[in-house]
Each structure stands twice: as C-alpha cells, then as structure tokens.
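Undergrad: Questions regarding the structure given below will be posed in turn.
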Amino acid sequence: MGKIVVSVIGAGGKMGTRTSNNLAKKPEEFDLLLVEASEAGIQSIKDRGFEPTPVEEALEKSDVVVFAVPDTLIGKLSAIYVPQLKPGTGFIILDPAAAVARELTLRDDCTFGVAHPCHPSYFLDQDTYEARQDRFGGCGGKQDIVMSKIQGNDDRFAQCVEVAKQMYAPVEHAYVMSSEQIAFLEPTLVELLGATCLYAMAETVDEAVKRGIPKEAAVSFLTGHIYNLSANFLGYIPGNPPVSDACKVAIGLGNRLVMREDWKKIWDDEVLNKVIATMLHPDKPQI
C-alpha cells in the first residue's frame, strides 16, 4: 500500500502543530501537506522547518484531511472547505461537538470521522521518565484515543484511524464508537463533571493554605488520595477492598453538601444537546 497523503488545515495552531509534528515523524507512511491562513501560523510552520501548501493544492492531493481548527469555527469553515474536497476524501475533526450539533458540512461522496485523545492515564505504565512527564500526550506519553465514523467508506475510515493513531502517537488503543458517545465522554464525563470537580479540588487547596496548611502538603495529600480512591472505585485494586466506613459517611455527606441531588441529569440527551449548543455559541446560552 502506498503512502497516505494527509493535509492538516490549521497546521500552525496548537493542535495543528501537535498533530503535524507527529505525522512528520513517519515520512515513509505519510506525505504531509500543511495548510494555514494566519500570518502567525504560517510563520510557526516555517519556524519548524516546513513550508505551507496552498489550500486548493492540498485538498486536490489529499487522501485524508485533518481539520485542526477551533470547535467554534468548524461549522463556518467546513462550509468553505468541504465542498472543495476531491471525491472519496477522508475528513477528520478533532472534537465531536460540531458533528453532534449537525453544524459540520457533510458530503455523500466523502468519509467523515472524529478523533480525540484520552490523554495519558496515570494507570498506564510509561516506559521512560520523559514519557511520564508528558501530561497531554503526543510527546512520548502513551495514551488511548476515541474515534467515530460519522459517515462514509470503511476502507477510508480505516486510513483515518491510522492517521489518528500517528498524530496522537504513541497510541495504545483506538476505541471506535458513535460521535454521540464521544460527546458523552467530553463534555459530559470529563468537563461537566470531571473538570468541574477537579477545579473545585484546586480551589479547596487554596482554602487549606488559608488555614495554615503548607500547599505542598495539601497537594500531596489530595493527589495521593485521588490516585488511591480512583484506583479503588474504578476496580484497579485487586479484590476491590471497600473504603472505610468513615469515608462512606463522608461521601454521603458530600453528596448532600457538594453535589446537586439531580446531578446525573447531565447524562440526558436533551442536556447534552443544550450544553454543546452553548459551548459552540456561548453568546446564545441554551442552559
């Protein structure tokens, strides 16, 4: 099988830089074309030793296009670029929101997918010190990714999977599911709940410091317990030992004092749709 021709649109931005740097590491597998509109982005591409390609030329040559643009611009920009794709092209977006909100422009003769990183898990063994310091992924730290095929050809989507595994490399597993299921992972699982709780934990460290507790001690105590308790609750400790009776009481109190009684409604389809609409258009909140 020949090399896959991959264009990265938005290659001078944050995610465009990350993904294109990794794809460039495998020239024997990928012919890489970098597309960027902004002056700063073009300069960033040149500073990394590459040359930008005009978008018309890139789209004409591409087997797969990586659409590394901000989520809030996917609807607007896909309406410009998708009509220019050659028939049969694979088109990868990096977040499911625009697809779930039906703002992504589609074509019947092209294949569309979502590819999003899980980021390195603290339960995943890394091979080197440098890999353990990669908190985001894609810079040495192994991670999993999630993907969906929005529509299109299975063989072309298989190419999209290979592209995604390299642009987020090193990748352990690529879990394929629906775009809606990815959206329940983010924003519902990791942003509405996870990030909110973790932000509150960081604020709680500040409260500990106000009470004379050294910040280093509070951070160590908090993160150590997060590691231990998440291992316990998620089944990573052999035998699934129960937490202490006192901890169970504290969890019950926390559910009353910290969590809303109806917090699980964030898993309702209606809530998800309103959350996504608000995230894509914060000037028109739906919830």
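Quick reminder: no glycine exception, Cβ is built from N, Cα and C everywhere.
When I checked Swiss-Prot for this same protein, it listed these features:
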type	residues	note
BINDING	GLY13, LYS14, MET15, GLU36, ASP71	NAD(+) binding site
BINDING	HIS116, GLU186	Zn(2+) binding site
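For each listed feature, how buried is it and what is near it?
TA: Secondary structure at GLU36 (NAD(+) binding site), taken from DSSP and collapsed to helix, strand or coil, is coil. Taking a C-beta cut-off of under 8 Å and a sequence gap of six or more, GLU36 (NAD(+) binding site) has these contacts in its own chain: ILE9, GLY10, ALA11, GLY12, GLY13, GLY16, ILE42, SER44, ILE45, PRO52.
Following the DSSP three-state reduction, the secondary structure of GLU186 (Zn(2+) binding site) is helix.
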Undergrad: Calculate the distance in Å between the alpha carbons (Cα) of MET15 (NAD(+) binding site) and GLU186 (Zn(2+) binding site), and round it to a whole number.
TA: 17
